[in-house]
Amino acid sequence: MNKITYMTIKISIPKYMSRIYHGLFDTGANICICKKKVLPDELWHKTENLVLRGFNDEKHVAEYRADNITIMIAKEKFIIPYIYAMDEMSPDIIIGATFYNKYSPIELDIGKGIIKFTKNNEKYPNYLVKYPKKRKLVPWTKGNPSVTETMENIGINQIESRNPIEEEINQILGTDIYGENPLEKWEKHKTLAKIELKNETDNIYKPPMLYQETDLPEFKMHIEEMIKEGFIEEKTNFEDKKYSSPAFIVNKHSEQKRGKTRMVIDYKDLNKKAKVVKYPIPNKDTLIHRSIQARYYSKFDCKSGFYHIKLEEDSKKYTAFTVPQGYYQWKVLPFGYHNSPSIFQQFMDRIFRPYYDFIIVYIDDILVFSKTIEEHKIHIAKFRDITLANGLIISKKKTELCKEKIDFLGVQIEQGGIELQPHIINKILEKHTKIKNKTELQSILGLLNQIRHFIPHLAQILLPIQKKLKIKDEEIWTWTKEDEEKIKLIQDYSKNLVIKMKYPINKEDMNWIIEVDASNNAYGSCLKYKPKNSKIEYLCRYNSGTFKENEQKYDINRKELIAVYQGLQSYSLFTCEGNKLVRTDNSQVYYWIKNDTNKKSIEFRNIKYLLAKIAVYNFEIQLIDGKTNIIADYLSRYNSSDTDGRYDEANT
């Protein structure tokens, strides 16, 4: 009598993170079969077409076979002699007679949930699965086999299907844009990068590091993988060994979470001595604003972005690095070289610039956006053609198609709204409040920069802390209780942020309101909009800053005037269309802007210069009571001793 049951099995493949599946053990199946994505692509080889008969005698043709696959049940290893690929089945994997014959006899007691193998005469309770799941099948992740990859489950009786529109978009896109090696289609663009030193006679040399024994197999894995892919080569010319940077292994929390270490090269000396590529990286706010009136979004990621670009032959020597196994150099544009982002951005701009009315590119991240489904189909088809024509390789694993809400550049974008991604807040909350050095401070300030438009008066809070970045390396690092309290305060604010900001979609609703205020050492503003025929004012974003040293000597009126200018300038990207109203509670500033004057004092000449800069912007000015200017007042007047609250409302 045939017996079938599901059992937890782990598939372990060298150089890949392991995966756990609920395999169907079927004593009536003649062979082992699985869906093709259950195993890495390179394990499959073409075979003579094998006709498989399934339930109800339906026929399927198997074209691929893999041999000697290691699986684990409990902590014991077993070998599947051979297995065929077949996607037209519900379970991810079926274990059949080729396995049982190797390890027979096998005792299977479904009632007690026990399976027993003669391999070691041991029983394995609790590995039989009562409510099996199947996996969402994605490309395998390279890494340490001792680490198990986290995968999404799909109920075994569920149909794994896309939204019909998403499926249609996927059909338009096709599969030819995807791949694993970014050099696969390099001949289509033949892009080369050049590294130049400021002084050609300079040495770039740092001695090799001391390595832990546990690092050796990690280096071996990374080096073998990158040589195979064509990214690096062994350096045989030792005459120019004046170029050498040390490599090291990073295995921190994020690496442990993804189950794979990183090999990092210390290119500080190279970055100091190389000429700077002065090609700009686009402003994230500018990019996001371009897409905010769209409704449908598809996101793509260039596979191992920088590696699309090869290095000129004379530039390779500058990238030379040492590992325990020897001496190597890059054949492609390396990570860690400070010009790599600019070089790659220039490469991407050259390809996509004519299509920036519906495509956003930030280094290796790409967003296609459209207002309608039909428009999105056209845009996706165009993106496909551009990608194929220029030899770009896209990561299938990171592709998201036809979403009405999507994560991009640290925020969630949807039509008429920007929302802060929760993981950004979590990262801030996880940071220690005791900062040990400038590197740790730069790390948390980089995170806080991502929420600067969501937290009022942030510049004021950070002012004393940011000054510590000017401390020279040889000076003693100090971190006081007051500094610690400021980080704690920001973390407290982060727990209760208004994380979603609304923006107008229609031009008729673009009635912009900018509220400004200033204190002795800081200025602040907030941007709102008021839809047509509505009394509600929706909050869009905050902006704050601190006065320069010479500006701190100004009287409060001139500081308020600077606040007006900074508010108009910082929001100009959003307010270039529609009407603008600036609100201030400073009557002198209101008078200066509202009335033309011909005073000729030296002091007023400076003010007139600032007024001339402000006059570039077309806006109305409104004088309001200081008590009603709550948001802007909070922005600039922060003081931990006189406020324990915050303005949480997103509208008034």
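Even glycines carry a Cβ here, placed using N, Cα and C.
Per Swiss-Prot, the features are:
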type: ACT_SITE; residues: Asp26; note: active site
type: BINDING; residues: Asp301, Asp364, Asp365; note: Mg(2+) binding site
type: DOMAIN; residues: 21-99; note: domain 'Peptidase A2'
type: DOMAIN; residues: 231-413; note: domain 'Reverse transcriptase'
Spatial separation of Asp26 (active site) from Asp364 (Mg(2+) binding site) - C-alpha basis, Å: 46
Cβ-centroid neighbourhood (8 Å) of the Mg(2+) site, Asp301, Asp364, Asp365 excluded: Phe300, Cys302, Gly305, Tyr362, Ile363, Ile366, Ser395, Lys398
Cα-to-Cα gap, Asp26 (active site) vs Asp301 (Mg(2+) binding site), nearest whole Å: 40
Among Asp26, Asp364, Asp365 [recorded positions], residue with fewest other Cβ within 10 Å: Asp365
Neighbourhood of Asp301 (Mg(2+) binding site), C-beta criterion under 8 angstroms, separation at least six: Asp364, Asp365, Ile366, Ile394, Ser395, Lys398, Thr399
The domain 'Peptidase A2' (21-99), counted residue by residue under DSSP: helix, strand, coil: 12 helix, 45 strand, 22 coil
